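Remarks on the structure that follows.
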Amino acid sequence: MAKNTTYKGYSKLAEKIAKNTHFTCEEVDAMLTLHDPTGGSPRMDGNRFRDIMHGIFGMTDEVVMEAMYRVFDMDQDGTIGPEEFVLSMSVFLRGTLDEKIDYCFSVYDHNTDANVSREEMFHHLKSSVVNLPPGEEMDEVVKDLVDLVCRKLDTDHDGKVSFSDYATAVHAEPLLLQVFGPVLPDVQEREQFLDTFLEKYGIRSQQI
C-alpha cells in the first residue's frame, strides 16, 4: 500500500517505533500525524493532549487528564514527543492486560509513590459517581466506596493499595482494571476511533 504523502517523512521513525507497539507501520504513521498534524510541533503540550482526549474520547476530568499526560510523558520533560505518544497510544488502544495494569495504576498514583492512597481513591471515585440518590451526601457516598474498594484490594490492610495489591486483584478479576474510574476508552469509543481515524489514511484497522 502506498504511503500517504502527508506523513511520508515519518516512515523510518514509524518502522522503528512499530516494533515496540501493537500498531503496523502504516498505523504508526497515522498516529504520528495525530501527534503533529502540521509537522511544525514535534512536542505535544498539555492543551493539545487535552483536546485529543476530550474531543475524541470524551474525557472531561481535568485532574485525570493531567495524570494521563504525566504517564504519556515518559521522560518527564513536560511535553510528549512523537515516540512517547505512539507507544502510549498503543497501550491506551490495544494494550495487553499487563500493559493496561501498569498504565492504569500509574494514572491513579498521582504522586508516583507506588501506592494509591485513600485520598487518590477518593478523587477518582468522586469523579465517577453519577445519579446520586436523593438525600445522599456525595462525600459520604464516596467514602463508602473507598471503604468498599479497600476491603477488596487492600490485602495487607495498610490503608492504601500497592501495585502488587492492584495487579493481583485485576489478574483475578479483570473487570477491576478501572476500579478507581475510567482512564481508558470504552470498547465502542476505541473501535469507532480506530475505524474512522485510520480510514482517513486509507488504512484498515488491525483489530486484536
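Glycine residues also receive a Cβ, built from the backbone N, Cα and C atoms like all the rest.
For 60-95, 96-131, 141-176, the entry in TrEMBL reads domain 'EF-hand'.
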Roughly where does the domain 'EF-hand' (96-131) sit in mean pLDDT, to the nearest integer?
92
Sort the residues of the domain 'EF-hand' (60-95) into helix, strand and coil with DSSP and give the three counts.
24 helix, 1 strand, 11 coil
